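K.L.:
My questions all concern the structure below.
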Amino acid sequence: MLTEQQYPYPQHFRAKVAFQRFWPLTKGDRRWLVSVVLCAIVAALAETVAILLFAQLTDNALQKGSVSAFWSPAGKWLAVAVVGAVVGYLGNSLGAWTAERFVVRLRARVFAHLQKLPPHFFQRNRRGDLVERLTGDVDAIEQLVVSGLVQAVTTLFSIFFYAGAALLLRWDLALATFVAAPLFWATTRRFAGRLQEVARRERRADGAITSVVEETLVNVVLTQAYNRQRDEEDRLRRESGTWFRASVVSARLNEFYAQLLEVLETLCVLAIIGLGAWEISAGRMTLGQLLAFAAFIGYLYPPLRNLGQLGLTVTAATAGADRLLEILDARPAVTDPPPSEVVPTPARAIGKVEARQVTFHYPGNPTEVLKDFSFSAVPGELVVITGPSGAGKSTLAALLLRFYDPDTGSIRLDGVPVNRLPLAQLRRNITLLPQETLVLHDTVEENIASGRAHATHEDVVHAARAADAHDFITALPDGYRTVIAPGTARLSGGQLQRVAIARAMLRDAPVLLLDEPTTGLDHLAAQRILAPLRRLAEGRTTIVITHDLALAGDADRVLVLDEGRLVQSGTHAQLLRQSGLYATLLEARPAVRNGAVHPRAADPAAASGGPGGTPDSRRP
Ligand SMILES: Nc1ncnc2c1ncn2[C@@H]1O[C@H](COP(=O)(O)OP(=O)(O)OP(=O)(O)O)[C@@H](O)[C@H]1O
């Protein structure tokens with residue numbers, strides 16, 4: 001994130017840029033904005049007329065003690081007040097409605113963009129901070145683009161009316177009091193810079209606090225297991241300290257600014273009363289005129305003050321805008337091809353997957369993670385990709401799903417380079433089963449049904465049976481209607497994995513990409529998901545990325561990656577006969593007791609049968 005010193009442009013320029021960038025989002029609501037401004041103008045006009053009627057009342061009814069002179073201006077005053085109230089109510093309600101619509105639209109826009117950003121963006125930005133940007137910063141920008149604009153226009157009109165009326169009443173006195181206006185302006189300018197910096201510090205600290213709380217809640221089990229509660233509390237205390245200091249400075253500065261304006265206003269009012277007393281004693285002014293004049297000048301201060309406040313709002317909004325623009329200006333690593341480049345293909349692919357001489361490095365990291373890598377897999381085939389940690393296996397999955405494009409070479413589906421297919425179509429044809437099961441905060445039924453649009457209950461039950469999940473689901477307190485949530489312990493890792501398999505069954509894509517499907521599962525749980533996985537793999541192109549070589553015995557082909565290069569390829573039995581990395585990896589694996597389904601390379605039975613060499617673990 002940029003620090004204040006690193007921002008290349010001055011504040012007013014950044015405010016202008018922010019306004020220009022976010023203004024288009026008001027499209028469709030601009031006529032409502034105009035209506036809000038019109039209402040505010042009518043309300044200010046009503047206020048002006050009311051003050052003039054008040055002067056009439058003072059001079060004609062109060063000073064002369066004439067009741068008959070009371071009724072007419074009083075009636076008019078009441079009528080004007082009612083009109084002002086109705087218009088004020090309409091304008092303010094409409095203003096709030098328009099402002100909230102803007103917030104909803106802006107948040108949706110940033111959220112949609114955020115969802116297109118590549119994985120490395122989320123590795124570089126803390127989740128809590130991003131949440132803060134979508135909430136607090138979005139609100140701050142609304143204050144600039146909608147409320148701020150309406151307020152600015154309204155304020156200018158109010159100043160125009162009240163100053164105009166004061167000038168009409170006594171132009172010489174009015175000019176004398178207007179001399180004080182630059183004082184207000186200079187005071188605001190003096191404070192704006194410092195308040196902006198404090199506002200930015202406060203926003204950043206808000207983001208940091210949300211991040212710490214969010215990270216701690218996500219890792220609460222680990223925190224407790226490692227007795228890290230104190231460290232987490234210290235972390236929160238540190239961030240809260242930063243926020244506290246920024247908030248206190250901000251409150252102090254704001255208060256100082258407000259009180260200073262108060263003193264300036266009092267000075268001006270006293271000056272008017274002094275001048276007025278002089279004028280009345282010389283017979284050049286009536287009491288009613290003086291009171292009305294003082295009222296106009298008094299009414300001028302809030303809009304003048306608003307203009308100053310507006311500067312502060314702009315300041316806070318610019319800090320928020322900078323943070324949101326960081327998201328909006330981050331480019332997705334991949335985009336849909338232009339329509340002219342899309343290769344027309346059937347919506348459902350056959351499922352032939354291919355990588356041709358793929359070389360790839362992550363943005364911002366020059367090290368090549370995949371080097372001249374090629375392979376292909378066809379429907380009905382099971383390809384296991386293994387290798388040491390950091391060899392590039394998960395990167396390959398990211399390229400197959402087109403989270404990134406290769407530097408050279410190509411990834412193809414049914415012979416078509418994936419960058420010539422619409423992203424949604426490509427991803428519809430590939431089911432990814434990641435290491436961590438995606439859990440939606442919803443019922444088990446909805447979690448499975450999310451695999452396919454309009455899935456019926458029968459479809460869900462059918463998929464759950466095939467995934468060997470039906471029995472444990474019906475044993476849950478509310479069966480398929482049991483609500484599960486990310487991070488809850490209602491289901492074990494193996495059960496969650498079977499829910500994910502049921503979802504994948506429903507999804508029914510021709511290509512299946514499994515990333516470490518048995519990670520985090522004990523041996524028995526891992527065995528339990530093998531049968532449903534095999535059912536899921538039937539007839540599909542299945543690519544399994546794994547360290548768990550128990551799955552390799554099932555594979556039609558095993559690819560061994562090392563430092564981004566394909567170093568071995570063949571069946572499990574063929575690779576065992578070679579003294580290469582595969583044999584080393586298998587040798588390094590701990591043997592599993594109580595079930596002995598992980599025979600070592602030295603085991604001749606394994607050489608012919610496979611690492612998961614029990615008869616029932618073979619594919620049909
Ligand atoms: N977003 C990223 N930005 C930069 N480098 C990355 C990124 N993700 C992964 N890498 C690097 O790419 C290399 C390959 O990572 P990858 O996750 O593909 O390995 P892997 O074989 O799947 O490892 P593991 O078996 O431990 O999951 C590693 O050196 C890793 O540090």
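Cβ atoms are placed via backbone N, Cα and C, with glycine included.
Sharing the record's features from TrEMBL:
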type: TRANSMEM; residues: 32-57; note: transmembrane segment
type: DOMAIN; residues: 36-316; note: domain 'ABC transmembrane type-1'
type: TRANSMEM; residues: 77-99; note: transmembrane segment
type: TRANSMEM; residues: 144-162; note: transmembrane segment
type: TRANSMEM; residues: 168-186; note: transmembrane segment
type: TRANSMEM; residues: 260-278; note: transmembrane segment
type: DOMAIN; residues: 353-588; note: domain 'ABC transporter'
type: REGION; residues: 596-620; note: region 'Disordered'
type: COMPBIAS; residues: 596-608; note: compositional bias 'Low complexity'
K.L.:
Applying the under-8 angstroms CB criterion, which one of 32-57, 77-99, 144-162, 260-278 scores highest with the transmembrane segment (168-186)?
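P.N.:
Selected stretch: 260-278, with the most Cβ pairs under 8 Å.
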K.L.:
In the predicted model, what is the mean pLDDT computed over the domain 'ABC transporter' (353-588)?
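P.N.:
Reported value for the domain 'ABC transporter' (353-588) is a mean pLDDT of 86.
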K.L.:
State the non-local partners of the transmembrane segment (77-99) in its own chain: residues 6+ outside its ends, Cβ under 8 Å from one of its Cβ atoms.
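P.N.:
Sequence-distant neighbours of the transmembrane segment (77-99): 29, 32-33, 35-36, 38-40, 42-43, 46-47, 49-50, 53-54, 57, 142, 146-147, 150.
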K.L.:
By a Cβ-Cβ criterion of under 8 Å, what residues six or more beyond either terminus of the transmembrane segment (260-278) are in contact with it?
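P.N.:
Apart from its flanks, the transmembrane segment (260-278) reaches 173, 176-177, 180, 183-184, 187, 285, 290, 293-294, 297-298, 301, 305, 308.
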